[in-house]
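Working notes, beginning with the structure itself.
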Amino acid sequence: MSETPSTSFSMVHPTSSGDLVPSSRHFSLTHPVVAKRISFYKSGDPQFGGVRVVVNPRSFKTFDALLDNLSRKVPLPFGVRNISTPRGRHSITRLEELEDGESYLCSHSRKVQPVDLDKARRRPRPWLSSRTITAHAHSHHAAATTMAVAASPGMRRAPRRLLVFRNGDPNTRRVVLLSRTVTQTFEAFLQHLTQVMQCPVTKLYATDGRKVPSLQAVILSSGAVVAAGREPFKPGNYDIQKYSLPARLPGISRRVYPKGNAKSGSRKCGNWKVYIITSDLPNSGTSSQIYIILYGQHRSSAPIYLYGMDGTQFQDGHKDNFTITVGDIGMLFKIRIGHTNSGLSPSWHCKEIQLWNRNSGEQFYIPVQRWLARDQEDGEICREFPILNKGEPVLPVTIYEVYVATGELWNAGTVANVYISICGEKGDTGSRQLFRSKNSVKFLRGQTDTFSLEAVHLGKLRKIIIGHDGIGSGNGWFLDDVVVKDPTTNHEYSFFCHRWLDQGEDDGKIVRELYARDNSIIFARQKLELYRRETWAAESWKFMKGNTLQFYNRLTGGFVRLHPDGMVDARGEKADKYGLFDVVFNKGNICILQSHEMRHLSLALDNGSVTGMASGGPSTELRVLCQPNRCALIESALVPGHAVIFDRQGKTADESSAGYADLSKEFVVFVKGVFLNSAVILLATSLRQALCLQPDGSCSGVGNQSENSYWKVHKISSGICMFESVKNARMYLRIKDGQCDGMGSGDTDCHFKIERNLENASVSLESTKSPGLFVGLQSDGQAKPVIYTKTGNVYFYPQVIKLGRENPMGMSASSSQEKEKIHESKQQQETPPESEVKHSLLSSTANEIRLSQSSETVISEDKWKILVVTGNTGTQANVTLWIYGDEGVSGPISLSKDGSEQLFLPRQEDEFQVEIRNIGKIYKIRIGHDGTSEQPEWSLQKVTMQHMKSKKTLDFTANVWLSRMQADGDIVCELPVVKGEQALFPLVRYCVDVHTGELKQAETESEVSLCLYGERGDSGIRLLYKSNMPVKFQRGQVDIFQIEAVSLGKLQKVLLRCEATDRTQYWYCEKVFVRDPSTESESIFICERWLPFMSQGIIHSEIELYPQEMQINHQLKTQEEANGKLLPLFFSFNHLKYFFLSQDYFSYTIYSMFLLSLNNDIKIFKITIGTGIC
């Protein structure tokens, strides 16, 4: 759809009806009619805001009449032909089947695509708005100033003006400035309107009655809204043009009326006669809805739909005439006509358009002779035509060339419908779908698509509005930039974006407003600098103090090396000892590179010459400039511009010594010791993304560069490693059965050979079990086994997060002190033994992972002996232990042994030895089993921890039954450290209320888990197993669970997980209440969304919820207080306040007075009073 309007302040009257203006009807109340208020949404389109329809026997006598009415309101290719329930399971065929207050989906066929109704209700469609033309000043100076401000996004622009009408009273109106102060949130804006309109404002409507649900919809509106309280929308003559100030479009009319001397009739509404002649070609008529927009020197009209009374308009060879009423638009200079591409045969061939201004008597003839059809000519369904003056157009028709560049990030492409609106001095193009690209497939990753957009010439371009409709599984889009070429002036305009248009990324917006910049050398430099900053953010870790580096030159094919005599060349081999450099100083992007072999020499630039000099001098301070291709330039920090340059023979040179093609100053930087044993690394797939493990066990290259994407290195032998997920212990990257995922168990399927790529410092991971197969990425970022073809889908850029152990060669990214010791041991020809670490990473906390490369000490490990005493019932399930200290946590620790020894038998004591990293003072443990095997039940009697060196002992008395079938159904328990018969922190049985939403199909049979996070750690992920209800998680139901854990202190967040394997089992959670009986405090965590949910084409089964600003303070009530005295109970939530009043004060014919404490800034608009039981 090229143009889908949101607001219409114009009226249309078919001439056949006698030019009568419709009047509101007043129905008799003597015969009440049962009315159903129903919401209808578009199949597969979460961006369509829905339409509300009142259904009763008077409005719709048949079901077909309802379908015809919805076809005019819901944009579908062939109209509304089917109505179904939200998930598409049941079709509605009779009016009686519709339920009051419910929501339904509209489609043009039996096949229905489900829609997240919660998202559809909250987000407005981005293309349901048609902005009026920007008003301009009356002088060339003011116009130039306005254009300069609009073209410079860095400068402050004047706040936009919004015309606000009172609901049902068009004469009461106010002009509001949309400044940052009043538009922080939608709720704050409504409060501001309450003060401005001097009446309660809780809802906003467009002037045609459709609801404006969000702040974004306000900003995208046509400039006017209707403010209402809790009452429904009241129709009225909300004429936006009548109250808008006139403005002149440059280049249309030279006549400027001074302020106060405008013509008396210049602001009157105009009545127009419109004649539309359809061609007599075969199948030139249309079933679609036709609209027209008039552009004048003052402003444009709203889109005006040309409706008829009998439905026979726009047929082959017909001439249809209409009378329309618009505001004062000034001198007409162009029109836009289009249709909604709906109905069975939407294609339309228009012959000509005739316009007659009935006020001024002016007549205009516009020859069209064009198809408006997706399958004809250029595929456009919207066209613009200039007005003819003495047979010549007042403005030329221009075919703009639009170049849209999709970013290089993985999954950056989109399958959604993309729309653009170009705005200039002389109006805008309206929102146009970018339909036909010169590429066979549009908007692919790293691709530039070219489109042609025909419009009346806009003059100098100022901005574009570009976005997509959010439809499709891979609808997220990373837009790099847009270039628009004006062939009339041969000028190019650049619109830089470089951001996501994705509801699950960045700021969640799918529509962006971009301002024009000249496509000049200056802009290209600014763009290059931005890419350099991004690259430095991704590559700066390499230049941390303590790292050992190598510099590869692609022109010479060798490594940079510093000889003992101070000479420097770029002809070294990879194993050349003179090609290693230690970073001994680092400040920003300035560093000192000291020879690893000769510590008295450092790489230096002295008077433009590359040489070796003593460390510490200003000539040894070098500045690193990262390029977008991940190469680095090395220049003097003392004399910027003097760079390290080599010729083809690897000799040092300067830029004047040879041709540019024979010189190179770009270097690929390698860090030694990246894949040491037990190192924690990122495998970056782009400057912003990394390989990560998904909740379903698959791997994707579109993960954020965060802790979720960390991998622990397990070195098998030289050049062969395994990669274990840090977040999900004992899950390894693997290639097996034609799949690449993270479900490995550590066997040979998980062994990968590290192939280093000299051209870009990346690595490729080749399976040792299936030689020739590499870990690769598809276009959507999903990992899969591929054959190596030297393409970017097998390149991973490692980044060290935590240092590993030394390898046999003694090279690492460790501190300089450790390197001195290694250097001394090498001189004595002593080789330290290789250490193979078999155990998994014991801690998943961020503090342990975020160790920088400049650490001066290696984390020490303590050995502990763990004694587990089983009661009368043993288990064969897998037992896991977590140990919590005040500085971190160790776990999960698998309590198992390599032999065939049977563990956890009845009345047996099992002993284990574990190594625990420094976690500070231990205050609790968590122990449990996974509920597998034939004997999942377990009676745990006691756990004892004994330090191997100090013999310090910690006793944890349990006496608990860990079974799904017994007690409370929990298979995990927490035990606090006891000091002198008193626990350091008490055990608390948290009461968790889980509210399932009221939406259709909100219930689920899937497993739901929850984890509580507080000041003192977490409760661990717990399966919500036993509820107070016989069937859990039913629609509109509140399930109550109990979770026992050592007191967490003040709760900080909740992690909620729903493992649904089928879309029919998705779950809609409304909120979660958590009560702490030890402090009598409650916390509320609002969810209000479906689980799992999709973001950027990836399904996420868990979500983190944070507490709302809600406090419920309870004080202990004595029996006397509960029986009649004033109850000291106060509840506060936002601006809703409850006060409990004593029942002693209410008697017959008694007037009672109470004093209540309220904030001064609260404006009361209603109260609710009632009785209850204490």
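Just so it is clear, glycine is given a Cβ too, placed from its N, Cα and C backbone atoms.
Please treat TrEMBL annotations as automatic predictions, because they have not gone through curation.
As the structure is a computational prediction, the values presented were derived from the model and not from experiment.
Taken straight from TrEMBL:
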COMPBIAS  1-18  compositional bias 'Polar residues'
COMPBIAS  817-827  compositional bias 'Basic and acidic residues'
DOMAIN    36-118  domain 'Doublecortin'
DOMAIN    160-239  domain 'Doublecortin'
DOMAIN    270-386  domain 'PLAT'
DOMAIN    398-515  domain 'PLAT'
DOMAIN    862-976  domain 'PLAT'
DOMAIN    988-1105  domain 'PLAT'
REGION    1-23  region 'Disordered'
REGION    807-840  region 'Disordered'
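When Cβ-Cβ distances under 8 Å to the domain 'PLAT' (988-1105) are tallied for each of 160-239, 270-386, 862-976, the top count falls to 862-976. Per DSSP, the domain 'PLAT' (988-1105) is made up of 3 helix, 70 strand, 45 coil. Against the domain 'Doublecortin' (36-118), stretch 270-386 shows more Cβ pairs under 8 Å than any other of 160-239, 270-386, 398-515. Residues of the domain 'PLAT' (862-976) grouped by DSSP class, helix first, strand second and coil last, total 0 helix, 65 strand, 50 coil. Confidence for the domain 'Doublecortin' (160-239), expressed as mean pLDDT, is 81.
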